[in-house]
Amino acid sequence: MAKDASSSTQRLETAAALPPAIKLVGINKSFGPVRANRDIHLSVQRGTVHGIVGENGAGKSTLMSILYGFYTADSGTIHVSGKPVSITDSRHALALGIGMVHQHFMLVDNFTVIENVVLGAEDSALLGPTLSKARDQLKQLAKDYGLEVDPDALIEDLSVGQQQRVEILKALYRGADILILDEPTGVLTPAEADHLFRILKTLRDEGKTIILITHKLREIMAITDEVSVMRQGTMVKTLETAQTSPGELAELMVGRRVLLEVEKGPASPGDVLLKVKDLVVTDDFGIARVKNVSFQVRAGEIVGIAGVAGNGQSELLEAISGMRDQTLGSVEVNGQAISAFGDDGAARLRDAGLAHVPEDRLREGLVTTLLEWENSILGYHNSYGSGLGLDIAKAKSEAAERIEKFDIRPANTALKTANFSGGNQQKIVLAREMERNPDVLIVGQPTRGVDIGAIEFIHKQIIAMRDAGKAILLVSVELDEIRSLSDRILVLFDGEIVGEADPATADEGALGLLMAGVHEGGASGESETEARLPEHVTPIEKTLTEMSPRVDKDESQ
Amino acid sequence: MSARVPLPRWVDVALLPVLNVMLAFLIGGIVVMLVGQNPLDAVGIMIYGAFGYGSGFGYTLYYTTDFIFAGLAVSLAYQAGLFNIGPEGQAYVAGLGVILVALALNGLPWLVTVPAMIVAGGLFGAAWAFIPGYLQAKRGSHIVITTILFNFIAVSMMGYIISKHLKPDGVNSDESAPIDAISRVPQLNVFWDLFKHSPVNISFILALLALVGVYWLVWRTKFGFAMRVLGQNPTAARYAGISNSRMIMITMALAGAMAGMVAVNNVGGVQGRLILNFVSGAGFVGVAVAFMGKGHPFGVALSALLFGALYQGGQELAFSMPGITREMIVTIQALVILFTGAMGDMLRPPLERVFFKPPDNSSAEGG
């Protein structure tokens, strides 16, 4: 680490002699009444990795969009390699050597890698010469930077990590010298993220400049040379990474001290409140997304489901909460089997004492065109008022109480929900689901798109629910979140539970392998049934020091 | 990030529609000028014809009654996210219910027959709208397609029933036997001399009650809440345990019942018999009324009155101004529909520039 830090300092010193790769002076940008960027000054040294951190809405994406030519700044100047430029569109940005890897990939799924790479950069009407030139160049890039991808593979057959490599290749093929990556690790497994970081380091060592936008402080600490912190549209500070700490960065981002670690005592699990048995869920196309999943959650414990996005977590949550028909299997809440068939299954589950904070609050958990108080009774509206009428006065007064208790801002029950920030919208959902005093709480992606300050609050609330003796099932693609909140971790891969871990002792590498679907071979002493039903062993008795991957029949042969 | 700034509410709900209507009249005025007439005179005649004297005003309110019911039939379904294009057929089929009950109770005082006609018309209209609702909820057939098709089915079916079964012997035109005067829906001129010989009847009072009732249902009841959740976000409705399929079927039935009241107004009141194609397009005007009224009962009331005035004033105009034909009146009505409906947002961008507020320096969000 020390060696790394000193080399980083060296790099910065060498780079300081050259004109900075990017220099922004006094950038301002407003959208109507909203000032997204205010008098931004930023200098990115050539041949370094420069991190940009900030909460949602701090103005990071706007700033990068200005740099990439999506938006034009209201005022201020951009210098690339010491020369003032005015970037009018992304083609222009590329000509200046600025490439961008978007959070959501811009690839044509049924084209091959090489076709995607040359797309928009064809030299002539005939594809042949371009493709053969591209093939040579891709080979060279693969050799230089460790960016190996089969040029003839279809994009849809590639893993997410590989697709991201194609995005990077696209930028490099177009001659990008400065690479902007927007939240690149959000969709990656830990192993894929490591691979990405190795690639980025190689690129830097070869003289490329990298701007990394992220909200994960760990990544900033691991890979960047310098880091700039944005808050509410302003550039708060640029620091040398080696001279700072995650705590300091978080404080700069939020503007106050933040507790990064989750404080929680040991769990004291009680009765089984949620029991899922042999659950099979198929998606809209009839493909099984959840395959024979069984587990149970006890009162007073948090069971986390880890996994890379798209491995059946969404379908599992939807089936348990009644948003999707279960194909086979059963769900018991409070010892009572609940049929989730029909499109009002969610109501029956709520009546049985199950509350659900859905993964995608905008699509599922809120009606953003309705008012705050209306959203605060969504799903429970039938308990407001007797007869046909809706007891609006009661709904509003309870909504106001929850606003106060959960510190939802602005404190206005008559405001359209769309006008709340992501963190406050999530608080509206959490308040609604938690204040009903449910026995079982299902939480999907509790802090997705939520500011650091709100994350801390939400985590505390979840722990408080657990301590109040509720059974909590947590699904998150943020492995850190799963590890810090859960009392027990189940790893879901390709719709199956492939392993269970104790968060206190499980190491990230092993978890990552499980999430990537790599079964560490060798039969453990457990029988098939026990492995499928890990609830036979309580987490306290199960002092696991390592993963116990489930052994599939065919693999144990 | 959208750079759009929402318009002040009064601009959105009042100024914009008024400007749209004025624009429609401006174009209509050019058409009137092209046939060599004075557009200002034409407007004067239309306004006088629609509001200037008791009988004319009565006719305006008679048309308005139809348009309120048809507009509510569309608006109610729209609140649940359903495009009900079928009030025309629903009203037509409801006519069957109204006439069957009225003829069965013929001779009894209106205090007995009118409630029965309301119930029967409501049930028949509801049944006709329920089928597309069921097909959408359980079979996924799109409600726009099915309600349009059901309009055609209604025309054929009703034509058959009227000409083969309801037409009394010895009558040449395709219509049912008449209802006795004592059993018909009483006209308002019975109570209020102002309306003279106009056909406006107590269905108009019923329409006003329906406006209030729909407002109450949509914004003051649990059912209305569920309806709005479904209309705004079906996924969230499922999340909330609101049965999408049940809501679709019930809402469509309610919308059909609303359309059925058009039959009470016409079959039970004005014509006093079931005649072929008595709805004569009121159901389709309801679609325009609902869109112009933004699906809100208050807006529906205003736009129904506008269309009622256009219908009555237009007929007055065609009658008293040479060179203006019935077709030209339809053209002006179509212009109003065009500018308030299809092109209703045309003036939005310039208005947004006018009402744009300079950035507030104290707040900064977004990114």
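Using the three backbone atoms N, Cα and C, a Cβ is placed for every residue, glycine included.
What TrEMBL records for B:14-35, B:42-61, B:67-85, B:92-111, B:117-135, B:142-162, B:200-218, B:247-268, B:274-291, B:298-314, B:329-347 is transmembrane segment.
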- Counting only CB pairs under 8 A, let me know which of B:42-61, B:142-162, B:247-268, B:274-291, B:298-314 has the most with the transmembrane segment (B:117-135). B:247-268
- Item | Closest-packing stretch to the transmembrane segment (B:274-291), where packing means Cβ pairs under 8 Å, from B:42-61, B:67-85, B:142-162, B:247-268, B:298-314 | B:67-85
- Which listed stretch (B:14-35, B:92-111, B:142-162, B:247-268) has the most C-beta pairs under 8 A with the transmembrane segment (B:67-85)? B:247-268
- Query: Any residues 6+ beyond the ends of the transmembrane segment (B:298-314) with a Cβ under 8 Å from its own?
  - Reply: 13, 17, 21, 45-51, 56, 59-65, 67-68, 71-72, 75, 208, 211, 215, 285, 288-290, 292, 329, 332-333, 336, 340
